[in-house]
Amino acid sequence: MYKKVLRFIISIIICQSAGIFGSLFTFEAVPDWYITLEKPFFAPPNWIFGPVWIILYYLMGVSLYIVWKDELKSKTRNVFFVVFAIQLILNALWSLLFFGLKSPLLGLIDILILDVMLVVTIFYAKRVSKYAAMLLIPYMVWIIIASVLNYAIMVLN
């Protein structure tokens with residue numbers, strides 16, 4: 001029981017840490033740079049991003065935990081851990097590229113790779129647990145929206 005609780009807490013912390021890393025670049029750039037950009041009509045209000053990401057990082061953490069708590073060692077499970085780590089790094093890197101470097105182009109390149117890696121992550125999650133995969137669907141939807149928004153901002157600016 002203790003082991004499972006510890007794995008759950010670690011899973012949540014790992015995912016929320018990606019958000020904390022990203023926020024280091026976001027908080028500074030939003031008032032100085034992001035608000036000056038032309039945005040498409042469908043851009044969500046700025047206040048929604050924080051709460052949505054907190055929820056999505058939590059769901060990612062629960063998904064990670066579900067796969068991790070499965071004690072059966074398998075190649076699929078190990079591949080999931082690798083692709084999950086890659087997509088989480090790409091997620092955190094996006095904030096550095098888009099906000100930190102103020103580069104919608106580099107952000108777009110990163111997020112398009114993230115889109116692909118997230119599909120791969122969901123594929124491997126489903127092979128271990130359909131629930132782990134389902135928990136990543138809201139994240140996939142949000143990343144697709146973010147990809148389109150990133151592209152639109154790049155084109156408009």
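Using N, Cα and C of the backbone, Cβ positions are placed for all residues, glycine too.
According to TrEMBL, the protein has these features:
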{"type": "TRANSMEM", "residues": "5-27", "note": "transmembrane segment"}
{"type": "TRANSMEM", "residues": "47-67", "note": "transmembrane segment"}
{"type": "TRANSMEM", "residues": "79-99", "note": "transmembrane segment"}
{"type": "TRANSMEM", "residues": "105-125", "note": "transmembrane segment"}
{"type": "TRANSMEM", "residues": "132-153", "note": "transmembrane segment"}
Original post:
For the transmembrane segment (79-99), which partner among 5-27, 47-67, 105-125, 132-153 gives the most CB pairs under 8 Å?
Top reply: 105-125
Subject >> Positions whose Cβ lies under 8 angstroms from the transmembrane segment (47-67), at least six residues beyond its ends >> reply: 7-8, 11-16, 18-19, 22, 26, 77, 80-81, 84, 88, 125, 128-129, 131-133, 135-136, 138-139, 142
